[in-house]
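Student: Dropping a structure here in structure tokens format, bear with me for questions.
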Amino acid sequence: MVVVAPAQSPAAGAPKVLLLSGQPAATGGAPAGRALPVMVPGQQGASPEGASGVPPQARKRQRLTHLSPEEKALRRKLKNRVAAQTARDRKKARMSELEQQVVDLEEENQKLLLENQLLREKTHGLVVENQELRQRLGMDALVTEEEAETKGNGAGLVAGSAESAALRLRAPLQQVQAQLSPLQNISPWTLMALTLQTLSLTSCWAFCSTWTQSCSSDVLPQSLPAWSSSQKWTQKDPVPYRPPLLHPWGRHQPSWKPLMN
């Protein structure tokens, strides 16, 4: 039987006392009907110490020397039940939080899919407008690499816009024809004179190059015999080497000092 008894302390935040009545064991020495006191801490916010802001002192651990082994086992079992219930509550709160996160992520995914679909439709409209502008300018519609890749996937994504296409195709065909018209107005006589002048220049250049090669080939064999003859003459008549004059050792030398007996 569990009995809740108020604490003797007049404070509102004092701990409560639970009295657990245990049955007598066969081998235990505890009397029948003995109550097991269990201290349950009260709310800390209602205590005067918590209201004043002073940190509470560490409560000394209560010695259980006055309890029998059965009472100790019952007290340990109660504490284990409280810890298990706390763990279950914490797990339940965590699971509910994860479920809420999953719901939020699914909603965000749906929003992103809708936005992606709108962008695809807008891109398709820009592609159609680009093709119409190309047809108005008299040019064939060009298929980009992005179109080739998206056709395999079944999507119509295309990189670019109508403005870039208009900038690339700004020059019409009339301007191209106006640029080519000066070349068409040149007379054939002028073209013939230009070709003859070019041919004469090339022939003169070829003649000069062959003439310089022939002159260099004629001068080289004539210079070779003279160089070889001069080399042979230097080898046959070398300059004789004269040894330096050495004067005999005598009194005329400044360092003359004979040994005197």
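Here the Cβ of each residue, glycine as well, is placed from N, Cα and C on the backbone.
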Student: If you look at how Swiss-Prot annotates this chain, which of 24-41, 186-203, 204-221 comes out as transmembrane segment?
Tutor: 186-203
Student: For the feature region 'Nuclear localization signal (NLS)' as recorded in Swiss-Prot, pick the matching range from 76-92, 144-160.
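Tutor: Swiss-Prot lists region 'Nuclear localization signal (NLS)' for residues 76-92.
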Student: Mind checking which residues reach the transmembrane segment (186-203)? Cβ under 8 Å, same chain, six or more beyond either end.
Tutor: none
Student: Give the mean pLDDT for the region 'Basic motif' (72-94) on the 0 to 100 scale.
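Tutor: Value for the region 'Basic motif' (72-94), mean pLDDT as a whole number: 93.
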